[in-house]
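Undergrad: Quick one: structure below, then a few questions.
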């Protein structure tokens with residue numbers, strides 16, 4: 001009896017109190033002193049199972065199902081979200097005809113028996129099916145447009161510039177007064193100073209209004225009409241100079257010169273660096289707002305554990321978010337300033353402050369939505385947060401980076417979204433674009449600010465309540481599991497003790 005007792009892990013000759021102390025020591029011992037079931041489990045884990053083991057058949061099915069569900073969710077997300085952006089370009093060539101174009105033909109009078117060849121030919125060109133696919137051409141003769149210009153005491157050219165700047169039309173074609181007769185006189189006299197390009201057709205547009213829209217749709221439309229025009233030039237010039245003798249090098253050179261459109265761009269996009277702060281920054285700010293949520297979440301959790309009153313914690317969260325957007329928007333604007341982008345074009349020295357406030361209001365609108373949705377999705381299915389970010393970016397940029405006139409009417413919702421209004425407001429900082437819509441842009445951003453300020457505390461309260469309940473449930477589950485393990489350990493201990501006593 002003495003030998004087994006000496007080798008036994010427990011001394012059965014101790015008092016009940018000493019036995020309880022020894023039992024407690026046994027339960028709190030290190031892994032090397034763990035119970036036999038625990039040691040057996042550790043050995044199994046260390047040994048490992050084959051990936052194709054029959055014992056893991058159920059687990060393999062569960063894992064395969066999870067993979068399938070994840071691929072299904074991601075596949076549906078990609079199909080749904082990407083279709084928004086792809087869909088905006090579907091059939092877009094058939095909608096270019098919606099672009100409003102102004103045409104003023106002041107070469108519309110017969111002078112000394114010479115017909116207005118240039119004016120008549122441009123009018124014929126714009127009425128062809130090919131030209132009609134390139135824009136919605138609103139054609140005025142000299143009398144009609146003079147009446148419109150006289151109401152504002154402007155010349156025809158000034159009125160054209162005014163209407164283009166006020167964004168009533170995307171571009172214009174202006175056949176200069178008596179262009180055909182002036183060309184005839186220059187040819188007859190051999191005028192070496194006459195420039196047919198500057199004295200025939202002017203095309204006016206502002207690339208600063210919408211660089212993407214201009215380069216992709218408007219300018220190609222003007223170029224398309226110009227190509228048709230140039231193809232007709234031999235016939236047009238022959239009709240004008242058929243009675244003129246070409247007897248000098250000046251006349252020959254003038255006759256051979258292509259009569260291209262004179263391009264006038266009062267608000268040019270002439271600095272490629274603007275693509276970053278003006279175009280791409282809208283996307284980067286959206287991503288940055290979600291990043292700040294991830295960065296500051298641990299701090300918010302620490303503050304929530306300080307025992308603050310609910311109202312005070314709501315004030316803290318609201319203020320913390322505003323402060324984050326305020327500071328981060330400043331850094332975004334400082335990058336633009338560091339690369340010497342001119343912010344004084346429209347507002348002078350106040351340009352930087354205006355630019356900063358637009359960026360701040362944009363970040364607040366975008367970021368608050370991101371935080372609200374992220375808090376909701378985290379309580380439901382956290383991986384969806386990244387898909388939400390993708391959806392939010394595409395929903396905003398689709399009706400912003402493409403002219404509304406050439407995308408389906410469904411995308412008119414963009415007028416109410418933060419990035420579209422930020423994009424339009426920011427144009428006035430970098431370019432001297434029309435500012436009449438600036439009040440609407442700031443008003444919509446302010447409306448987002450007001451609505452989200454009401455919703456934000458409600459969602460924060462819901463998020464705290466839900467996460468606390470989830471945490472309590474997890475704690476209860478851990479405690480329950482621990483109690484089960486302790487019960488099993490006690491039972492194992494009692495069995496060992498009984499075997500020792502029986503022995």
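Including glycine, each Cβ sits where the backbone N, Cα and C put it.
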Undergrad: Have a look at 353-380, 381-408, 409-436, 465-492 and point to the one annotated transmembrane segment in TrEMBL.
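TA: Feature transmembrane segment in TrEMBL: residues 353-380.
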Undergrad: Out of 288-314, 315-341, which range is noted as transmembrane segment by TrEMBL?
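TA: Transmembrane segment, as annotated by TrEMBL, spans 315-341.
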Undergrad: Could you check which of 18-42, 43-67, 68-92 is flagged in TrEMBL as transmembrane segment?
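TA: Of 18-42, 43-67, 68-92, TrEMBL gives transmembrane segment for 68-92.
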Undergrad: When you scan the chain for residues with a C-beta under 8 Å from the transmembrane segment (315-341), skipping those not six or more beyond its ends, what do you find?
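TA: Residues packing against the transmembrane segment (315-341) from afar: 271, 273-274, 276-277, 281, 284-285, 288-289, 292, 296, 299-300, 303, 308, 352, 355-356, 359-360, 362-364, 367-368, 371, 430, 453, 456-457, 460.
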